[in-house]
Structure formats: structure tokens, C-alpha cells
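Feature annotations, reproduced from TrEMBL:
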- LYS102: active site, proton donor (ACT_SITE)
- LYS66, LYS90, SER344: substrate binding site (BINDING)
- THR185, ASN216: NAD(+) binding site (BINDING)
- ASP142: site 'Important for catalysis' (SITE)
Amino acid sequence: MNALVATNRNFKLAARLLGLDSKLEKSLLIPFREIKVECTIPKDDGTLASFVGFRVQHDNARGPMKGGIRYHPEVDPDEVNALAQLMTWKTAVANIPYGGAKGGIGCNPGDLSVSELERLTRVFTQKIHDLIGVHTDVPAPDMGTGPQTMAWILDEYSKFHGYSPAVVTGKPTDLGGSLGRDAATGRGVLFATEALLKEHGKSISGQRFVIQGFGNVGSWAAQLIHENGGKIVAVSDISGAIKNSKGIDIPSLLIHAKENRGVKGFHGGDPIDPKSILVEDCDILIPAALGGVINRENANDIKAKFIIEAANHPTDPEADEILSKKGVVILPDIYANSGGVTVSYFEWVQNIQGFMWDEEKVNNELRTYMTKGFKDVKEMCKTHNCDLRMGAFTLGVNRVARATVLRGWEA
């Protein structure tokens with residue numbers, strides 16, 4: 001099932017639980033604006049190349065729209081629409097004053113030189129500079145983009161509007177990026193997991209974890225869980241997968257993965273088939289890679305008691321049903337991986353105030369937001385007698401619906 005179908009389905013279930021009227025339900029689903037632009041740049045060899053850039057701005061009832069920009073060859077409009085919508089609910093669940101957006105450029109960043117990427121980013125910014133802004137739409141990095149991309153957008157945007165560090169988040173710290181932003185999504189996963197386990201009378205210490213994906217989110221989650229006494233028994237990434245039932249030495253693995261561009265060949269564990277990572281024996285499974293990895297084919301074989309969705313949309317609705325019958329507790333992505341956008345919000349706040357925080361303040365504020373977020377989700381679960389995913393969706397959709405009605409926007 002594709003991401004858009006699944007997201008729409010969850011939204012409709014939440015709208016039904018909340019008793020929203022059909023006109024309001026319909027207006028909440030329609031994106032505020034979809035932008036598509038042609039970006040033509042001279043390549044290093046002098047030839048011209050054209051790329052399609054786009055931005056889906058889903059909703060701005062609660063504040064400026066917020067969401068990543070990805071550079072990827074297969075940019076599927078449906079997926080971008082789903083991710084923009086997901087950001088609307090995610091920012092509402094986190095209770096930060098944003099709506100949702102998503103965008104990017106259809107290109108393979110690996111095929112472009114640094115100067116070509118810079119030219120492409122600047123042309124894209126020229127085309128959309130009057131449609132983004134500190135109080136309109138605030139982009140951030142995503143697949144294939146990073147702090148340097150944000151620096152180029154900031155610079156190009158500032159040529160038109162004056163120096164505006166708050167127009168993008170995920171910037172280098174030298175240009176107003178926030179301390180703690182790099183680890184934020186992984187740290188949010190840690191805080192979310194702590195909140196869930198506390199509810200079940202457990203703590204991180206002594207639990208066995210399996211982590212699929214060892215990029216930014218997976219590696220930070222692994223490091224922080226390890227520091228808090230959790231035992232990570234299997235890890236996988238694009239390069240391969242490893243397992244050690246006594247617990248993997250994460251600090252050594254981090255060094256190995258950096259030097260060898262992946263976990264493959266690490267001596268502190270046995271190689272296993274990456275396809276089997278999700279069904280390895282553990283207490284807590286953390287999918288931190290791609291969407292749709294937990295589906296009806298493998299859901300029956302999952303041995304974990306808890307699943308923490310660090311990736312966007314890793315669990316198909318069919319798998320959701322199978323797992324809930326088995327009594328597996330799933331902490332949904334729109335809450336579990338909201339640490340990144342929460343610290344992006346802190347970055348935006350610091351830029352607007354022109355006053356930067358130290359890392360301890362960033363991390364303490366993040367813990368406060370994640371802990372309160374879990375409480376709010378649980379309240380909705382009690383009110384509507386539903387699982388955590390519907391608790392999070394009803395919480396997010398209700399907040400957006402209330403803002404929409406208060407602003408007099410309902411149809």
C-alpha cells in the first residue's frame with residue numbers, strides 16, 4: 001500500500017473517531033498549494049541540464065508550513081503529498097506552531113558535482129523564494145540534502161529578502177544552526193522509547209534492541225540507547241547486517257561504519273541476511289530506514305514486543321492489524337520520530353530571537369516536549385479507546401481542525 005493511501009486511511013479513521021463533519025474533513029485533506037518549477041543549470045562541461053523542482057504546502061492553520069527538501073531520482077508526487085500531510089499531523093502532535101510541507105528536486109545527487117548541486121539549489125531557491133519564508137514555509141534537509149544545501153538556500157533567499165537565518169532549519173551551526181540538531185531525531189526516539197517503557201513498568205536498561213537502518217537516526221538512537229544500558233543485538237544498513245546476541249559494541253561499530261561506509265564486515269558480530277533483521281529475536285524493534293518494510297509477509301514472524309517507528313511509515317496497515325492481534329505495541333512515526341522537527345522548531349525560535357541556546361537546554365526542552373507528547377497521545381487513546389497510532393492521529397487532526405475552525409476557514 002503506498003504512503004498516500006495509508007496516510008489518507010489513518011486520517012479518515014481519525015476524522016471518524018473525532019466526528020468531524022464531511023466538509024471540514026475534505027478541506028483538511030486538500031493541500032494549500034502545490035508548486036512545480038523547471039530548474040535549468042549549466043553543467044560543469046558547459047551543457048545545459050533541466051530538473052523538476054516541487055514543493056507541496058499542505059496546511060498552515062497552526063503556523064508556517066514545515067518540511068524537508070529531498071534530492072532523489074524517483075520523486076513520486078503521491079509520496080511527497082503523503083509526507084507533506086504527515087508533517088501537518090506530526091507538528092500538531094508535537095504541539096509546535098507549524099503546518100506541513102514537503103518538496104525536492106528530481107535528480108541523483110551522486111551524479112552531480114558540488115558546484116552543480118550548488119547551482120541547482122540556487123536556481124530552485126530563485127524560483128520559490130516568494131513562496132517560502134520565515135512565517136510562510138520553512139524548509140529543512142531530507143534525503144540527499146544536508147546543512148550545506150540549507151546554507152545555499154539561506155544565502156540565495158537572503159539576496160532577495162535580507163539576511164534571514166530562520167528561513168531554513170538544519171543549517172550549519174556557523175550560520176545559526178542549533179546545537180543538538182544532528183542527534184535530535186535519534187534522541188527523540190530515545191525519549192519516546194523511555195516514555196513508552198515507563199508506561200509498561202520497564203526501562204531501557206537490559207532490554208534487547210534490533211535497529212534497521214544505521215544512518216543519522218539509527219546510529220544516534222543506537223549510541224544513546226547503548227549509553228542508557230540497552231543491549232543492541234542486531235543492526236542493518238544498505239551495506240549488510242550483523243548480529244551479536246551478547247550485545248554489539250556500539251562505539252566500535254560507529255567507528256567501523258564511518259571508515260567502511262556501512263556496518264558490513266564488522267568483527268564484533270556475525271553477518272546475517274539483511275532481510276531477516278526485522279524478525280530477529282528482541283524486545284524492541286526500531287525500523288529507522290525506509291517506509292513499508294513491515295508488511296503482511298513478515299508481520300507474523302516479528303518477535304519484538306514493542307516497535308518504535310523511527311522511519312516514516314515503516315508499517316503497512318495490514319501489518320498493523322496482524323501485530324495488534326499479537327499484542328505488539330507500536331509507537332507511531334508521527335510521534336516517535338518528531339524529535340527532529342521539534343529541534344528544528346527550537347532552531348527557528350533561536351534565529352528569530354537572535355539568541356542561541358547551549359546544547360543542554362536544547363536536549364532538556366526536547367525531553368519536555370517528547371514526554372508531554374506521549375502523555376497527550378495516551379489521553380486521546382483513553383478518550384477514544386484506540387491504539388497509539390489512532391491516539392496520535394486523533395490528537396494531531398483534532399488540533400489542526402480546531403485551529404481551522406477558530407480561524408473561520410471551515411467550508
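Note that Cβ sites are derived from N, Cα and C of the backbone, with glycine treated the same way.
With all protein chains in the displayed structure included, the most crowded Cβ environment within 10 Å among the binding-site residues ASN216, SER344 is that of SER344. Taking a C-beta cut-off of under 8 angstroms and a sequence separation of 6 or more, ASP142 (site 'Important for catalysis') has the following same-chain neighbours: GLY67, GLY68, ILE69, ARG70, LYS102, GLY104. Those same-chain residues not listed among LYS66, LYS90, SER344 yet with C-beta within 8 angstroms of the centroid of the substrate site C-beta atoms are GLY67, MET87, THR91, ALA94, ILE96, TYR98, GLY100, ALA140, SER338, GLY340, VAL341, THR342, TYR345.
Of all Cα pairs drawn from LYS66, LYS90, SER344, which the record names as binding substrate, the longest spans 13 Å. In terms of C-alpha distance, the listed binding-site residues LYS66, LYS90, SER344 place SER344 closest to ASN216 (NAD(+) binding site). Cα separation, THR185 (NAD(+) binding site) to SER344 (substrate binding site), rounded: 10 Å. The Cβ of THR185 (NAD(+) binding site) has 24 neighbouring Cβ atoms from other residues within 10 Å, across all protein chains displayed. Note on LYS66 (substrate binding site): other Cβ atoms within 10 Å of its Cβ, all shown chains, come to 29.
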